[in-house]
């Protein structure tokens with residue numbers, strides 16, 4: 001957890017005029033007591049309760065401060081100090097007083113591609129530094145591209161407002177809905193995994209506007225704007241791009257690619273011929289077209305300031321973000337239900353197979369019982385035949401001569417013993433047959 005100075009910022013800085021404001025932040029000019037150095041004090045309203053939507057969460061503030069403390073680059077605003085009180089965290093930032101780049105360019109009588117690329121090169125250098133540290137700005141737009149001093153011979157670009165910047169961790173999926181609708185990438189609109197590529201899309205939109213004074217995806221409503229972005233619905237209208245080089249258009253085309261993996265990276269953009277090669281343009285008609293381009297840029301700048309509050313970063317889409325999160329949760333629940341349904345079907349199929357196998361075993365068992373019964377019946381028939389034969393032999397013996405009387409008695413005795421034994425065996429077999437018949441009937445009933 002980051003620690004900030006638990007002191008009254010006004011004990012160290014004299015507060016001055018307000019420079020800008022957002023949904024939960026106010027920026028004021030300030031002067032350090034003792035040194036007279038001028039800075040910008042950004043007052044960020046803290047969120048008091050985790051469940052509240054008012055204010056900025058501690059986690060978000062700490063993330064912004066952590067990123068600002070890490071970065072040091074000529075084209076990125078510098079953090080000097082951080083204070084905290086009961087209601088606010090106060091960032092003491094480098095004072096960037098030259099105004100917005102687009103406002104500066106809109107004041108010029110003419111604008112060449114060479115001048116545009118000089119400023120764009122500074123933007124790319126700043127973004128290249130961020131991306132080298134795996135930091136994505138996620139809110140690159142004209143009002144976050146400032147000049148340190150517009151009166152300097154070669155004004156220096158400063159990238160500001162790291163309120164929604166994130167470190168992109170390898171192997172970790174990150175999704176969110178934020179940014180400014182006109183400049184966000186399709187993967188933000190579609191709630192897909194985000195990376196450094198989203199900044200490159202924003203640079204493509206900024207370049208398009210810089211060269212034409214027209215916004216490539218801006219619709220009559222925010223929803224129309226988002227639809228245009230998702231469909232990559234833009235073109236190079238001849239009215240706006242008649243004097244624009246093919247190299248410049250190619251630079252934009254390589255950035256405004258829906259698939260982030262196919263989008264030009266920051267390293268590739270710095271190596272693009274339009275950025276590397278400075279071309280001087282001559283001809284009588286070119287200055288007039290360049291003046292027309294600057295006039296259109298003025299119109300865009302005036303329109304954007306009149307239609308959108310300064311330093312507004314997709315705050316109005318927070319509800320949309322929550323809706324998309326709910327939709328994602330519902331889709332996840334649906335996928336789990338479908339998975340459960342598949343598992344139930346698989347279990348039913350397994351039970352059906354088990355029942356069929358059991359039925360087959362019962363049929364096989366019934367067939368075995370039938371074979372045993374037939375075998376016992378055969379044995380019974382043989383036993384009956386033996387009994388009949390014994391009776392016939394006894395009758396034959398009775399018909400013998402008187403001399404055989406003793407033998408006949410013995411035979412009769414033998415017959416009686418044998419008859420008793422046979423009767424017992426016959427009774428046993430009959431009992432066994434009845435038992436087997438009952439088992440067979442019970443088995444057939446169980447199968448049905």
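Glycine too: its Cβ is placed from the backbone N, Cα and C atoms.
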Task: Figure out which of 42, 46 sits with 19, 20, 21, 22, 23, 24, 25, 26, 27 in the ATP site per Swiss-Prot.
output: 42
Message: Checking feature assignment: region 'Interaction with CDC5L' per Swiss-Prot, candidates 331-389, 390-448. Which range matches?
response: 390-448
Segment-level pLDDT (mean, integer) for the region 'Required for interaction with ATF4 but not with PAWR' (418-448): 80
Message: Using DSSP, what is the helix/strand/coil residue split across the region 'Required for interaction with ATF4 but not with PAWR' (418-448)?
response: 30 helix, 0 strand, 1 coil
Message: Given a separation of at least six residues and a C-beta threshold under 8 Å, show me what packs close to residue 19 (ATP binding site) in the same chain.
response: 27, 28, 29, 40
- line: By a three-class reduction of DSSP, residue 225 (phosphothreonine) is assigned helix
Field: Rounded inter-Cα distance in Å - residue 25 (ATP binding site), residue 225 (phosphothreonine)
entry: 26
